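According to TrEMBL, the protein carries these features:
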DOMAIN    98-203  domain 'Late embryogenesis abundant protein LEA-2 subgroup'
TRANSMEM  41-64  transmembrane segment
Amino acid sequence: MADNKQPHLNGAHYGPAIPPAQQPRYHHHHGRSCCYCLFGIFWKILVTLIVLVGLAILIFWLVVQPRSFKFYVTEADLTQFEYDTNNSTLGYNMVLNFTVRNPNKKLSIYYDNVEALAFYEDTRFANYDVITHMNSFRQYKKTTSPMSAVFSGNKVVVLNNEQISQLTQDKTDGLYNIYVKLYFRIRFRLGDVISSDYKPKVKCDIKVPFSKNGTVTLFQTTKCHVDF
């Protein structure tokens, strides 16, 4: 009986093919992480700068304690305020005296320009240059300075029936409600440092008595509203 012999395989492997080992994949996250890192550094620097600027402003405020000037109408002299309904012309003659107070302990103020506008019943009838470059001045700390405005002339002003009726009533009472608005251009000075221009507005609601035959009528000093 013949022997059943298996063929000699010589150590070779026969079977399904073994796939080659895959090369490791490298994820390119290095550039993105660098961007995140730079953004974080930039953000920290920005926050630090904001905090430092805020602290500097707070320290400046606590040390200097800047305050707005105080403005008052101290005297008012009205000798003419007549309205001609035939040609809608208002004749007026009014002098106003002001005082401006610098309450600051460390800041002086340069008054470079001040313009005053006068209104009656919401209608402007006059304007006057209170301060120009010819009479601009520096106001030192903790001092009070005078100003004045002279409104005189004739102005075409269209008043309705209600406004004319109010004018007649004011003439009877001898007391006129006048609204004065002043436009300022000022600068502050701290030591040798001078600020840029500031343009505050001052609003004054005053009751002006009419002066008859040279008689002096008492005027109540009125504090005005300063708006920066």
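Including glycine, each Cβ sits where the backbone N, Cα and C put it.
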> In the predicted model, what is the mean pLDDT computed over the domain 'Late embryogenesis abundant protein LEA-2 subgroup' (98-203)?
Replying inline: 96
>> When secondary structure is assigned with DSSP, how many helix, strand and coil residues does the domain 'Late embryogenesis abundant protein LEA-2 subgroup' (98-203) contain?
In response: 13 helix, 66 strand, 27 coil
